[in-house]
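Accompanying notes for the structure given below.
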Amino acid sequence: MSQRSERRGIHVDQSELLCKKGCGYYGNAAWQGLCSKCWREEYQRARQRQIQEDWALAEKLQREEEAAYVSSHSSSQTQPPQSHSQQSLATFSKFEEKKTNEKTRKVTTVKKFFSPSSRTAPKKVPPEKESEKEEKLQGRRESHGENLLRDLKGIFTQPWEMASPTEESHEGKTPSPSITRQSSIETDRVSRDFVEFLKTLQKLGRDIHKQSRGFIESMGNKKDLSAEELSECVQDFYQGMSDRLMNHFKGSSEKVDRVMDQVEKYIMTRLYKSVFCPETSDDEKKDLATQHRIRALHWVTIQMLCVPVDEEIPEVSDSVVKAITDIIEMDSKRVPRDKLACITSCSKHIFNAIRITKNEPASADDFLPTLIYIVLKANPPRLQSNIQYITRFCNPSRLMTGEDGYYFTNLCCAVAFIEKLDAQSLNLSPEDFERYMSGQASPRRQDDPAAWPQSGSCVNPALSQIHHNLKLLSNLEKRQQQVTEGAQNLQTELAEWQDSVAREVQEILQRYPLEIKPRASAIDAENVENDRLPPPLQPQVFAG
């Protein structure tokens, strides 16, 4: 089968990586093939259409209710006229009440429980409860006063004098103590670096610090939002901050990017625990599905993917190991830019391995199959969550252009290819593909010696050693079977010889039966007068 046909299932045209709107930026599968800019525009238009449809539906329901009311109470007094704005407001309020009645019943009940109705008269409160209420109110006033003093202090003092980094590290979820200590140390370090960076910007640094702190505090009250809504909040903050910095630096994109990188690092380090794989998303389910899929594809060889990499070359093997390490290390980073840096480093090691193997610069057609091979070998933890995290909260300018955006787009394509991998992509029959996926057979355990990787092929030296050891074990198994069969045969022969000897002894006994005769008595056995006999003669010696 030709190499061209082998690449048919893996090849991706570079034009497919670009935005479907034709804006020239890189698209993303999570954004339906659009770039971040076009996706935000489509998302805003879809939201506007949804709002208009909700209003139209609300007005329709209100007209139907009014018609039913008029028909059933035609004799009653007419309803006083209302202005158009009041009617539309009442219509929308009734529609929203009907639409969210079942979903927000518990929340509404809790809110009504803690907030007394304006229609009911206030109840008498005992003195004890009245004192408790006064204490709570006083505590709220004190906390409000502290917040006000802190904001005033932020206006008239330097940002690095506003609060210690330790005070800023108490937000998000409450993990185990060890993880809390580790995250607190990293948060403190990032906060100190951010403050040191803002010192160089003087007044602008104070404004950035105040806006960043205010945004983080506002995000603490939005934990119940969906992942898309959280992403929208962060992207809106990025856009607003970028526009203000662009006006301040008078269009210097380099300075704007430098400041935005620090802002992203500070904000996402603080918000990481609450926005990474949020409970309102299905990222965890996608992670498990991807991990199970990659584990089921453990049998895929480097030849099936047509990867132009020879891992027997030490430099190539080192580059492959480094690429696997980088893609796995991505999960340990907290900032989207750092996760992108891991993907970029992994991709550069892949290009280096291909260049050393082919002795020529690597092409895009060689890069994507090799990236798929690296992902299959590494099986990175929480791959889908990391991709979604980068997509939602990374600075959009990094994903739209540059090498980071190119490598990230290729990683998304590689994951999508793995999810849709079939027999045709690997040039296998559907029967063999199903047997390999179910574990009933493996291409590495066929009896045909030609199916085993030979020396000189593009195989990892460790795998070659494993195959050699398997061959030795197979020979030892054959020799052990031969020794076992010989021992069984010897045991059978010994049993047969014992039976034959026993048969011969029986035949001889039957032919010549054994007769036992009584013992012969002594000569004087019957002489009862032995004691009267003379003594026996004694020899005498005569002198000659």
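Even glycines carry a Cβ here, placed using N, Cα and C.
TrEMBL lists coiled coil for one of the ranges 193-227, 473-507, namely 473-507. Beyond the coiled coil (473-507), no same-chain residue lying 6 or more positions past its ends has a Cβ under 8 Å from any Cβ of the stretch.
Across the domain 'VPS9' (284-427), the prediction's mean pLDDT works out to 92.
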